[in-house]
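For reference, the structure is listed below as structure tokens.
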């Protein structure tokens with residue numbers, strides 16, 4: 001690979017700083033530091049001069065050296081001084097002559113020997129001739145070869161800037177419609193939000209890059225291409241430090257290199273330059289979303305389905321496990337860590353992702369415990385404030401130990417956050433604000449504030465005698481009038497609610513929608529059970545009346561679509577027990593089976609009687625001995 005003198009990625013750091021034995025005796029105060037890494041796929045050498053630019057380094061490829069002196073590239077010149085003589089992670093039999101590849105010094109070509117340490121297996125080797133030490137890279141490190149870095153850097157940045165045009169909202173809506181039944185308003189909001197997120201990524205290019213493009217007209221580079229080049233340099237610099245085992249922000253060497261890279265990047269206008277500027281660029285800001293609705297209405301399913309069709313990283317995080325910093329539980333930074341993991345630890349790609357915060361209503365504060373520290377409620381909301389608005393989060397690096405403190409900085413300014421929660425009892429709070437009675441079952445004016453009081457009131461008013469359809473319609477009507485003060489009374493702090501400007505209420509599922517959920521969408525409930533029975537060569541037939549009866553049972557349980565699977569498991573328990581290894585070829589379920597008036601019907605295949613098969617299976621039916629005696633006589 002050619003020298004990197006034309007880029008701004010800085011110098012590459014190596015895993016082991018080596019020098020000659022004479023230089024080691026004089027100390028490292030000389031005018032030159034020599035660093036070498038011996039890898040399975042190649043050898044990377046970097047020379048850093050005291051007063052030379054840090055970015056001036058060279059790279060020498062290396063190949064395997066076989067026993068007969070012929071290199072893997074087929075040159076076969078056998079020159080010991082050639083840097084293309086091989087290296088591998090394992091030396092095989094070494095000097096014993098039993099075959100296998102041998103480690104050779106990339107400087108002089110002489111054989112290297114393992115350094116004896118107190119550890120049984122060492123990765124360090126030494127050249128006896130030129131007294132150089134090398135470290136043998138592992139399989140994981142060899143996969144991150146320096147030779148492949150420019151290609152991976154270009155791919156990582158072009159994913160964000162040179163992708164195909166973002167899908168229109170209608171196309172995203174149609175895709176969600178294949179898997180999620182109903183919730184048309186929520187689908188439209190999510191589709192538009194994702195589309196605008198794509199546009200914000202593609203258009204929020206710093207203004208200084210446009211000015212730089214005007215200055216560098218001879219390069220004929222567009223602002224987007226300049227941004228790609230800059231991010232390629234940053235990406236390559238970060239990956240070189242990771243391969244060398246050095247954090248970009250963890251020591252003096254990495255810090256100095258990062259400072260040099262930052263100095264070469266044009267900064268935004270500040271101070272007097274802003275006052276004198278006559279042109280202001282429009283920067284698109286994000287609009288975080290809050291989905292609220294009853295349990296089983298499809299909030300999490302919408303997020304899971306949306307994650308499949310996106311070209312940006314998408315992470316789903318459960319807020320119930322989050323705690324304030326310093327307490328047992330998952331830290332708030334783990335939200336961004338999951339997004340970084342989904343982006344394959346590409347920081348630039350993760351900074352343009354989408355985070356789905358599930359069960360966000362569970363971190364609501366609980367009134368009445370002010371003498372205690374609410375580490376799982378209000379404390380988590382306070383920790384999420386800057387995360388939602390946009391800040392730099394320190395996330396632990398990949399394969400880094402906690403004690404070492406190596407972190408990666410991720411900017412959350414362009415990360416879109418979508419929160420969701422059931423908010424049980426929120427309709428009671430809205431009803432109290434509107435001074436309305438709730439279906440004639442008393443007034444909640446004497447109830448306390450907070451999510452616990454609201455949930456208790458909602459549970460107390462659940463009665464089997466109430467009209468289920470009327471109850472659902474009333475709740476949906478109230479949720480459509482939700483305001484920020486209702487969420488604050490529920491237990492969310494005002495600062496948290498203000499950072500979620502788009503509030504989307506999801507409606508409850510009625511009987512017709514539940515019947516559609518059973519059969520229509522891809523990966524529906526009934527086709528899943530039909531696939532289970534087909535593995536035992538059996539069919540499952542469910543009548544239309546049975547589907548409606550199942551939907552009515554789910555409505556009475558008030559658990560939404562999740563109640564459908566519970567009902568189906570109870571109905572099909574006996575058939576799933578009887579069908580395997582039997583002659584049943586069809587199971588029929590009708591309305592009476594759902595209502596518990598009779599058992600499921602079975603259709604059996606015609607049997608072929610054979611005395612030999614009965615004898616082999618050990619089955620003795622009544623009258624079988626007499627038939628056998630008659631046959632023998």
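Including glycine, each Cβ sits where the backbone N, Cα and C put it.
Going by Swiss-Prot, these are the annotated features:
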- 294, 295, 296, 297, 298, 299, 300, 301: ATP binding site (BINDING)
- 84-93: compositional bias 'Low complexity' (COMPBIAS)
- 617: phosphoserine (MOD_RES)
- 68-100: region 'Disordered' (REGION)
- 598-633: region 'Disordered' (REGION)
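The binding-site residues 295, 297, 300 differ in how many other CB atoms lie within 10 Å of their CB, and the one with the most is 297. The Cβ of residue 298 (ATP binding site) has 27 neighbouring Cβ atoms from other residues within 10 Å, across all protein chains displayed. Residues near residue 299 (ATP binding site) in space but far in sequence (CB under 8 A, at least 6 apart, same chain), listed by position: 186, 291, 293, 358, 420, 421, 422, 506. Non-local contacts of residue 301 (ATP binding site) by the CB criterion (under 8 A, 6+ apart in sequence, same chain) comprise 179, 180. Long-range neighbours of residue 294 (ATP binding site) (same chain, six or more residues apart, CB within less than 8 Å of its CB): 422, 424, 475, 506, 508, 558, 560.
Residue 296 (ATP binding site) has a Cβ environment of 22 other Cβ atoms inside 10 Å.
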